[in-house]
Amino acid sequence: MSKFDVEQLLSELNQDEKISLLSAVDFWHTKKIERLGIPAVRVSDGPNGIRGTKFFDGVPSGCFPNGTGLASTFDRDLLETAGKLMAKESIAKNAAVILGPTTNMQRGPLGGRGFESFSEDPYLAGMATSSVVKGMQGEGIAATVKHFVCNDLEDQRFSSNSIVSERALREIYLEPFRLAVKHANPVCIMTAYNKVNGDHCSQSKKLLIDILRDEWKWDGMLMSDWFGTYTTAAAIKNGLDIEFPGPTRWRTRALVSHSLNSREQITTEDVDDRVRQVLKMIKFVVDNLEKTGIVENGPESTSNNTKETSDLLREIAADSIVLLKNKNNYLTSKERRQYHVIGPNAKAKTSSGGGSASMNSYYVVSPYEGIVNKLGKEVDYTVGAYSHKSIGGLAESSLIDAAKPADAENAGLIAKFYSNPVEERSEDEEPFHVTKVNRSNVHLFDFKHEKVDPKNPYFFVTLTGQYVPQEDGDYIFSLQVYGSGLFYLNDELIIDQKHNQERGSFCFGAGTKERTKKLTLKKGQVYNVRVEYGSGPTSGLVGEFGAGGFQAGVIKAIDDDEEIRNAAELAAKHDKAVLIIGLNGEWETEGYDRENMDLPKRTNELVRAVLKANPNTVIVNQSGTPVEFPWLEEANALVQAWYGGNELGNAIADVLYGDVVPNGKLSLSWPFKLQDNPAFLNFKTEFGRVVYGEDIFVGYRYYEKLQRKVAFPFGYGLSYTTFELDISDFKVTDDKIDISVDVKNTGDKFAGSEVVQVYFSALNSKVSRPVKELKGFEKVHLEPGEKKTVNIELELKDAISYFNEELGKWHVEAGEYLVSVGTSSDDILSVKEFKVEKDLYWKGL
């Protein structure tokens, strides 16, 4: 089609065709109207990489650092480059729409998807979102900013009612979306599951029409989160353009036609309005086909798995890393120290959080591998303590045939798919699908096959392989399912997940609790493993995740006390040691929130024992949101490494060895303990609602207002060099603020980057205001001794307004203000006062 004319096509569509465009046809595709040349459009997760169209057996992809890590770069140019790379990844999957970035707020540290979003600060979150969206859409790929709005916890997320003041809604939770619309104009926005002040977001006229469409003049497409549509008429009338996934539940021809024919429900104009926005999204895709080369329903490939991709992922991961402590400049060295490695995350490939952010990565470099790569030789290692939430690893540690070499081709398990359960199969029944499984966490809810009815995905999987222990000892096997499962070892049933099921956290909270069995195994002996799995409809639990999924695991049992002693002995034996600890994609995941800020299991005991044995041990933490460090005063060197994507291990090694001078800054405040955080009393859905009791005082706004100390403040991060900052010029007009800041690298050894952070304070406001608020930042790279001037231009109304609930408008108060420039919210190096002579009121962008 040479010209995709939205209005012309709208006029030519019949009613049934229009209705069909109001919902997806499956998990990842919109409806094709062949008669009019309207193509199907493929969408794909997600926030830190492009999975493609399969949770199960998906084509590998590049994995980026998680959202809080990306925002900790404080680098708009780098984030735009990351968005461009995400677009290239999307093109390799023939997906025209990326379901990201995630732009919700961290009210507190426990949110299951807190790692996915950028920041506790709405300005940083909004500008990070804008940069990533610009990168994506500049390459012709549509972005989807999500989840609109107040989707800030997982507890009862489909029904939870977020009770939030109008001022907090505007200043904190809507603000990142407003900034994204203003600066990047995303093609799509995804609505949230939850309610806000009584109305489901996916059918809220106030949010979708009054604010997004009328006030902000946004003209993109609104899609639901998956299974996040709750009505037919209200959602159509109030602005939700398309329901995901398909097949539709709420927008069948019968339901929509009934609503059209019922008095005071919806009109043909309402349907046309929704279809028009879907067509505008498709127009964006079609108009960019020459640039993207995307093929409708085309194959998915790993063509973007290149050295250039790896190098950029490594750069992004390294620049996200935050140096938290470096007492006596212990890490300020470029020598090739032979670090000996300890810790549960050292050999784990903790590349991302869980849920929609998880994916089958091209590869993942573990921290241990990164250090070995840097040194060119193996180093001593011990685990010290386990930190898993549940046991995985069966597929990763099994062989298809133990008699053959243990290479990549022979690694994993064979999965055979059948229409009947094993006890009902005839001897000659052949599987309708056979594949190899390399990952133990298997999600099948988007599995498609001609033999499987998508509305009732009833099938069975036989999983087989061989496990060969590397040591004598006790081993723990595990199984959890959404569906049903039986785990056999040498044809003996060891775990039953078919009968007497108990609900647990698996499969977004729809599946079972983990069940385990400890067995004594012999080194080198071949053990036949078999799992008989029945798909989602066979589950004894009520849930709605289609074909479901399963996770089978095995791990060597350890004596915790003995392992901690081993770790301390290793640390004491060597001058240089690094301890890699943290969370993973089970502790931080979509579907549920963390219960506390604790490091898992006996991690803290491990850290204390190692630090006592060797105080110079470098601690590296991996998490997407804060954890408690009860041993903080004892640590001399501490690094926050987030979930670093494919290149996490190489990036960590680059920072430890001084090849990259750390330049990340914390995208959220780091409290000492859970009870300190602003949402402590209100981070749970109770009686169907969650009260945003901290109001506008989120993150550092709260800590500063209460003068409550934190372990590490917002915007904080050390370097291997030092900097000076000073405001050299400052001008205020009726609508602009211009700030010039001189920045000097005062070190003589390392080039490095510093982030100039600009905060504003209202000194005599008539309403309660934060002590200060971030409204500008700029990253600058300097050679030793070099000085540069950074110029930052801001709109006056964006810098100092608050939302006046009484008037329903933004309000710039006449009065006195303070601009503060520093390297964190707690390290202000230069200030200037200024005055605004008259009040200003405004709405919109």
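The backbone N, Cα and C atoms fix where each Cβ goes, and this holds for glycine too.
The active site annotation in Swiss-Prot covers Asp225, and the record cites similarity to another entry as its basis. Swiss-Prot lists 408-568 with the feature domain 'PA14'. The N-linked glycosylation site feature in Swiss-Prot is assigned to Asn66, Asn304, Asn438, Asn621.
Structural mapping of features recorded in Swiss-Prot.
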residue: Asn66; record: N-linked glycosylation site; DSSP class: coil
residue: Asp225; record: active site; DSSP class: coil
residue: Asn304; record: N-linked glycosylation site; DSSP class: coil
residue: Asn438; record: N-linked glycosylation site; DSSP class: coil
residue: Asn621; record: N-linked glycosylation site; DSSP class: strand
Nearest-integer angstrom distance between the alpha carbons (Cα) of Asn66 (N-linked glycosylation site) and Asn304 (N-linked glycosylation site): 20
Spatial separation of Asn621 (N-linked glycosylation site) from Asn438 (N-linked glycosylation site) - C-alpha basis, Å: 27
For the domain 'PA14' (408-568), the mean pLDDT of the predicted model: 94
Around the Cβ of Asn438 (N-linked glycosylation site), the count of other Cβ atoms that are within 10 Å: 15
Spatial separation of Asn304 (N-linked glycosylation site) from Asp225 (active site) - C-alpha basis, Å: 28
Among Asn66, Asn304, Asn621 [glycosylation sites], residue with fewest other Cβ within 10 Å: Asn304
Distance, Asn304 (N-linked glycosylation site) to Asn621 (N-linked glycosylation site) (CA atoms, angstrom): 30
C-beta crowding around Asp225 (active site), within 10 angstroms: 23
